Amino acid sequence: MAYPFQLGLQDATSPIMEELMNFHDHTLMIVFLISSLVLYIISLMLTTKLTHTSTMDAQEVETIWTILPAAILILIALPSLRILYMMDEINNPVLTVKTMGHQWYWSYEYTDYEDLCFDSYMIPTNDLKPGELRLLEVDNRVVLPMELPIRMLISSEDVLHSWAVPSLGLKTDAIPGRLNQATVTSNRPGLFYGQCSEICGSNHSFMPIVLEMVPLKYFENWSASMI
């Protein structure tokens with residue numbers, strides 16, 4: 001999860017987030033090299049006294065500055081398209097969870113189980129226990145099995161919301177009347193925090209999301225106790 005004065009991204013917990021972090025580093029390196037080159041050229045233009053006043057055209061240079069940016073854009077676009085495809089693809093999910101956004105809480109329904117559904121509200125600051133996080137803890141966590149593909153169906157009952165868990169690389173809009181899909185996969189157990197990431201009203205800041213990723217055996221015990 002995030003911590004005060006953090007500069008980088010949160011630690012990746014899913015294969016998708018690992019790919020996104022690699023793509024971020026790849027793109028940042030390209031942007032840094034281009035920026036350095038542009039600043040170097042500008043500094044030369046400001047400091048040198050040599051000018052080419054008689055130059056009418058330079059086809060070779062024009063060809064280079066047309067082809068080179070196109071090649072750079074392709075180097076950025078290809079990994080991006082690959083990750084977009086990976087984010088939309090889901091093969092044989094072991095579990096489907098329907099997520100509904102409300103003003104201002106989330107409700108969850110495990111569609112593979114009968115009568116396994118609950119609402120998830122933020123715990124008020126006055127009710128927090130020692131060690132719990134302000135504005136991030138909920139009364140009912142979403143318990144899911146780790147290392148398995150899980151399909152999340154996301155929608156809204158009222159206004160636009162956005163279901164986001166940064167460490168898993170997830171951010172999916174919850175739109176009234178529309179059903180969006182996301183894939184959840186975690187490489188390790190633990191608690192993973194997120195929040196509504198779309199302005200949805202006065203209590204928008206009080207819609208936390210908590211995923212508890214556990215081994216399959218513990219998930220089966222939890223689901224049996226909830227039914």
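Cβ atoms here come from the backbone N, Cα and C positions, even for glycine.
What Swiss-Prot annotates here:
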{"type": "BINDING", "residues": "His161, Cys196, Cys200, Met207", "note": "Cu cation A1 binding site"}
{"type": "BINDING", "residues": "Cys196, Glu198, Cys200, His204", "note": "Cu cation A2 binding site"}
{"type": "BINDING", "residues": "Glu198", "note": "Mg(2+) binding site"}
{"type": "MOD_RES", "residues": "Tyr218", "note": "phosphotyrosine"}
{"type": "TOPO_DOM", "residues": "1-14", "note": "topological domain 'Mitochondrial intermembrane'"}
{"type": "TOPO_DOM", "residues": "46-59", "note": "topological domain 'Mitochondrial matrix'"}
{"type": "TOPO_DOM", "residues": "88-227", "note": "topological domain 'Mitochondrial intermembrane'"}
{"type": "TRANSMEM", "residues": "15-45", "note": "transmembrane segment"}
{"type": "TRANSMEM", "residues": "60-87", "note": "transmembrane segment"}
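All features noted in Swiss-Prot, drawn onto the structure.
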residue: His161; record: Cu cation A1 binding site; Cβ neighbours (10 Å): 30
residue: Cys196; record: Cu cation A1 binding site; Cβ neighbours (10 Å): 25
residue: Glu198; record: Cu cation A2 binding site; Cβ neighbours (10 Å): 18
residue: Cys200; record: Cu cation A1 binding site; Cβ neighbours (10 Å): 21
residue: His204; record: Cu cation A2 binding site; Cβ neighbours (10 Å): 17
residue: Met207; record: Cu cation A1 binding site; Cβ neighbours (10 Å): 27
residue: Tyr218; record: phosphotyrosine; Cβ neighbours (10 Å): 15
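A 10 Å radius around the C-alpha of His204 (Cu cation A2 binding site) takes in these recorded positions out of His161, Cys196, Tyr218, in sequence order: His161, Cys196. Same-chain neighbours of the transmembrane segment (60-87): 15-16, 19-20, 22-23, 26-27, 30, 34, 169, 182-183, counting only residues six or more beyond its ends whose CB sits under 8 Å from a CB of the stretch. For the pair formed by Cys200 (Cu cation A1 binding site) and Tyr218 (phosphotyrosine), distance between Cα atoms is given as 35 Å, rounded to the nearest Å. Under 8 Å from some Cβ of the topological domain 'Mitochondrial intermembrane' (1-14) lie the Cβ atoms of residues 20-21, 24, 133, 136, 166-170, 184-188, 190-193, 213, all in the same chain and six or more residues away from its ends. Geometry remark: Glu198 (Cu cation A2 binding site) versus Tyr218 (phosphotyrosine), CA distance 33 Å. Close to the recorded Cu cation A1 site, the chain also has Gly101, Gln103, Trp104, Trp106, Ser162, Ala174, Gln195, Ser197, Glu198, Gly201, His204: residues not among His161, Cys196, Cys200, Met207 whose Cβ is within 8 Å of the site's Cβ mean position. Met207 (Cu cation A1 binding site) sits 26 Å from Tyr218 (phosphotyrosine), taking the CA atoms of both as reference points.
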